[in-house]
Amino acid sequence: MPAEKEKKKHKLIDIAVELQVSLDDIRSFVEELGYRTTNSTKVTDSVKELILDNYSDEKKKSDLHKKLKAEKNRKIQLLEKRVSPQADKFSKKKTAAKKEASQEKADAHAKLEPSIPEEAPAAIDIDDTPEVAPEIEIPSQNTQEPEPVEMDEVASAATLAVEEAPIAAAPTEEPMHNSEAELPESKIDSAEAVAEEAAPEVEVHLEPKEQEVQELNHAEEAETPTTEASSEETSAVMTKEGDSNDAQPFTQHEPVSRKTQNTTNVSEENKQHEKQPETLKSDKAMDVVQPVPIAEETAEQQLTEASSYEKKETNLQGENLETNEADAAQTEAKDDDAQSDSLQAEISRQQNEISNRFSQSENIAGLKVFGEIELHKKKRKRKKNFREQAKDLKQQMTPEQPKQEEKPVKKEKPKEREKPAAGKKEQTPGKKPVREDQKERVLQDGPARVIKKKPKKAVDEKVVDRNIRQTMMTMDDTNDSSARQKFRKIRKRERLREQEIEAAAKEAESKVLKITEFASTHELADMLGVTPKEVIQKCFKLGKFITINQRLDKETIELLSLEFNYEVHFISDVEATEIDDDPDLPEDMKTRPPVVTIMGHVDHGKTSLLDYIRNSNVVAGESGGITQHMGAYEVTLENKQRLTFLDTPGHEAFTAMRARGAQVTDVVILVVAADDNVMPQTVEAINHAKAAEVPIIVAINKIDKPDANPEKIRTQLADIGVLVEDWGGSVQCQEISAKKGTGVRDLIDKVLVEAELLELKANYSEDKLSRGVVIEAELDKGKGVIATILVQTGIINVGMPFVAGGSSGRIRAMLDERGNRLETVYPSQPVRILGFEELPQAGDLFSIMPSDREAREIAQRRQVIRREHEFRHSSRVKLNDIAKQVQEGQVQELRVIIKADTDGSIQALADGLMKVQTDEVKVEVIHRGVGQITETDVLLAAASDAIIIGFRVRPNVNAKKLAEKEEIDIRFYSVIYHVLEDIHDALEGMLSPELQEKVTATVEIRDIFRISKIGNVAGCHVLDGKINRDSRVRLLRDGIQIYEGVLDSLKRHKDDVKEVDSGYDCGLTLKNYDDIKVNDIVESFETVETKRKLVVS
């Protein structure tokens, strides 16, 4: 990876807004260049220039031109494929169609010549759904040249000519039209030629006068099907699109007077034609188009057939109609006869005109629209139903005499109805008598008519119910809409409130200054947004003198921030130099192996359990049989499932290691010996797991021992808040024997189940900057600094630059726990990395960096912050403090230099030594380091009067000779509790001894002798003990001490003696004191020094 890279300062989303191009298009273009992008990706100036060149206006025009040209060629090819096979078929059928045209014209004229007899009534096709009167809507003639018509359109138009009147015309396929890619003229001419051959034009000119239009509208009320020249019910809708794409429908309705077999056949053929593929539509259309102008039956036959059908219906309805209404029916029939006559005249005119049009041989294949007429638009009256049509027929065929008898009845009924029904709406004259007749017929005929009326009432009730439901639904919709409006208002107010809160939070956050402790004046000024001069002036006003590069303490930073109206939030060096990274993409996230930490008290079998799982013997390699290092191991099961295990020490001195293990793990296995109790380190491990919110699986070990009691362990765990599943809790528990392997496989299965529930995922993208944690670090003589890293996200390869705490470097090699070289490491995999410039601390974050320069900058900044922190917090001895300590003689200090094999061991030793010190004796670690003891360490110990503790390390040859010369005490240890014991004893020896007073003799004064030149001599008797000549004594009178001193002389008889035992008499004098009396007591005593014990609080 190059050391220098061009700075990325242009976001893709900003470039997309600038060019007015979709962000996805920009991303796809950049990815084609070989870059991996997201919505927040930044690019360099060179990449931005490439994007601008690609999406410039000239580039857009050229791309659009290419796209239009490709679309044009594609459509031309598609049209050629469609037209070529159809043209061959139509050319073959053209000759056959012309031959049949002459014969069909003759037949059509022969069948259309007979006119309708005057004496015959209008033919009526009685049907449940009466047909609409003949109506032809023709769109206005378009003078523009016809658009190219595809073969499918020709077939579709031909098919429309033979469909029944009430059936909608088959949809026509719009011609292929694209403003961007026009067809060449040669292709258009060929398409038009084929279309003209396949669909000859039929010219229809209808120009009815306004009076005729009104007659047609009036005829709709009593519409009756009439004879037709055609044998089919035809309905055609033709759409012609102009350049403006405006389409107007052309509809032709022709009433049908019969239902012939040809009509059924044509309808079936039309249905089949719609289901067939487009390639077969044109052939089917030609077959259907041919019989269009042929009329198989004459109008007279149609009328005869309609009359017979009419008589049958009339006989059925005549039985249920009242005879007393005949007169009213006759009056209404006169109006119907007039309307029928006008309707028949119009129909005859249209039939003659249509037959003339079909007489031309060129019109035999279809229709062509030349214009459109607009009929008089007004509200049409209601169509008569089947019963009303039957009533009209009966009135026409009923004799006149019954009609005259019933005339008075008709005159009286309207008068009776007008009074109660004055406020009601007026009904049609033909509909109301029928309803009255039905009501009266129900009363006269009884149940027979009631049966027919019930469905009518049920329909009415249904309509009412439907109207009620619609009204209720409308009301509900209104209520729902009002409720939705209220909800929208509430939601809007909530959004506004949230926006106000966010704005306030942002404003408050903008006034919070996040800074590290011991920042320089220049750095503080940059974060405050002011010049360093202003900061220095503020400090001058506050009475402090600082420089621009001076490091400021915590109090000064807080004071200056308040002066500039800022709040201060102090952060660590790692947070200050945190590296921003792109968010993880869902496609990059994959399931990762779980990380399992084994925790528990010392000697409960943690490492033995791991040895059984790994099929190794780690315990044999540990000094004293206890774990003193934090190990990371990867285990592969039989099903290729991978697990990562972290083995933590159980000794109380390794608290930091256990806390570190709980923070980076996914699952904790808590090992408790069944033959022991829940120990303090067990409780500590549980607290670490709870603090890290990590699930716990309890493993009760050593169940193979005779004195094992798993139930006692469960009880003790429940007392401290860990309730296992067997007792109704949520913590899994498994009884195992790490020595024999009993239950170990079940324990692993429970770990896998717990990991599956956690849904552990990590980013496996190679573009992701990897992250990890330093588990342990050591200094090897041949390899240099080696750190054990647990990868958390991303993929690590050899040669990548990195930073870990205050150390940086480039990966030179990667090793697994067995020393095998690795080229690539994935998430949740432990690895030993070589290439650190300095020794990192256990627990530091390991981060892959884009370049060596960035890694070095971050590492140097962290080192400055840490050095300043150590310097400011180092203990400084003042002269007054030294004088006070000398006067009191209480405080003793043991200076220590610690050298160990790993950084974790150093931390454990330092923490352990801090715990054994007291207020009178203290331990000061003046230097700590990883690696062997060097000459520098010896010189430092000689200058500071310190001892050197080597934990699993040895001095080099020169250091050993220098230590012997300077008489420096170097202690070597391999087990941590041996170090702590010796330091404990040394601190006890440094304690001042405890002084205790012991009474050696009690002497009673019985007589006093006065001797010249000597003074008063006391004659005494030794009551208890033995009084010595050198003993200190005190004189007690009535229990009150009046003198304390030494003896001046001690004699027995006349001889000087050194001591007098109990029960003997003696004489004594007190030095410089003569005020003695009879019965005074003299006590001799001595002070005894007692060695003190070091009591650690």
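One-based numbering along the chain as shown.
In case you wondered, yes, glycine gets a Cβ from its N, Cα and C as well.
As recorded in Swiss-Prot, the features of this protein are as follows:
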- 600-607, 647-651, 701-704: GTP binding site (BINDING)
- 97-112: compositional bias 'Basic and acidic residues' (COMPBIAS)
- 157-173: compositional bias 'Low complexity' (COMPBIAS)
- 174-190: compositional bias 'Basic and acidic residues' (COMPBIAS)
- 202-221: compositional bias 'Basic and acidic residues' (COMPBIAS)
- 224-236: compositional bias 'Low complexity' (COMPBIAS)
- 258-267: compositional bias 'Polar residues' (COMPBIAS)
- 268-286: compositional bias 'Basic and acidic residues' (COMPBIAS)
- 340-363: compositional bias 'Polar residues' (COMPBIAS)
- 376-385: compositional bias 'Basic residues' (COMPBIAS)
- 402-443: compositional bias 'Basic and acidic residues' (COMPBIAS)
- 591-761: domain 'tr-type G' (DOMAIN)
- 79-458: region 'Disordered' (REGION)
- 600-607: region 'G1' (REGION)
- 625-629: region 'G2' (REGION)
- 647-650: region 'G3' (REGION)
- 701-704: region 'G4' (REGION)
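When each of the binding-site residues G600, D603, K606, I703 is scored by how many other Cβ atoms sit within 10 Å of its Cβ, D603 comes out lowest. As a summary of secondary structure, the region 'G4' (701-704) carries 0 helix, 1 strand, 3 coil according to DSSP. Counting every protein chain shown, 27 other Cβ atoms lie within 10 Å of the Cβ of T648 (GTP binding site). DSSP gives G600 (GTP binding site) a strand state.
In this structure, T648 (GTP binding site) belongs to neither helix nor strand by DSSP; it is coil. When secondary structure is read from DSSP and collapsed to three states, K606 (GTP binding site) falls in the helix class.
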